[in-house]
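Residues or ranges marked as ATP binding site by Swiss-Prot: 51, 52, 53, 54, 55, 56.
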């Protein structure tokens, strides 16, 4: 069959993404030559995360085409969250459609969603990734492909700006990332939802429409719909009407540029963190502590009870950096210590670096606090500050 322009675009996007995850390194040599070749039973495996919707069914179909041409097995993993009536049937039908396309293995997983403080959407996402990671590890898959499109990227930027701020909010979703040791990739970030719908039509692929997307609802969606659905159904179209141009593409391109900035800032912050921050969690020892060189404290800067202090930040080193790097170093260090600090708390610790005049410490979640003594900021649970 002759490929449509959108199908050719999708094939190119999937092939480029597989190259980005270094799949070319494992391609069988004969598949570089023209002709029909059978994919070996022990060939590397790529999994497509499939919900049965139009985006993931289009990705499943295109990925099978591309993987087969590269000598790579293409399977699917389908996660049933059990949050909607009939979800088991939807998952089963998605599995049948993937098998009909030639994907294999087709892995079915049941997720247990336990909503806590983060809300149901976030809990479902966490449960889904847990199952996807488990499926990748158990099957030996070298990558899991996700079907997020340009529309999803634009929605993610708006959601990020509503919930957060700064370049991280603008950066959207990365094309390739790792989670719990599994590699994930998003090949369709350059394609629109209209294009994935068209690809399903081109290939005669059936799909399921999630009712929580609100596509069939006239007027604004009620507040009990998921935030992403409301952004998709109401906010993006309203911005587009106001702006008079394709804001989906505009936001997606902004995300691509912001991600380049974010990746540089993260890289630079990691370099500074390696020089300025020491994590301390070992048993007590008699090691001397230098207030000017926090890395000398790794051997065991503790209180009398033998509990580690958590973190030490070298003020002289971090003070030489611009504010953007300082704030990032502090935030990353706290995150690695399991402390989820607010922007105001991070800024207050930064003032201990650049505007210290003997002020008291900064209270942090989980009973932690940050206190400065000479040229070192110590971040620890409150009891560990004793006798410092």
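Each residue, glycine too, has its Cβ placed from N, Cα and C.
Within 8 Å of the centroid of the Cβ atoms of 51, 52, 53, 54, 55, 56, where the record puts ATP, the same chain has further Cβ atoms from 50, 57, 58, 94, 147, 207, 208, 210.
DSSP assigns residue 54 (ATP binding site) to a helix. When the binding-site residues 51, 56 are compared by the number of other C-beta atoms lying within 10 angstroms of their own C-beta, 51 comes out lowest. For residue 55 (ATP binding site), the count of additional Cβ atoms within 10 Å of its Cβ stands at 24 [all protein chains shown]. Between the binding-site residues 52, 53, 52 has the most other Cβ atoms inside 10 Å of its own Cβ, all protein chains included. All protein chains included, residue 54 (ATP binding site) registers 24 other Cβ atoms within 10 Å of its own Cβ.
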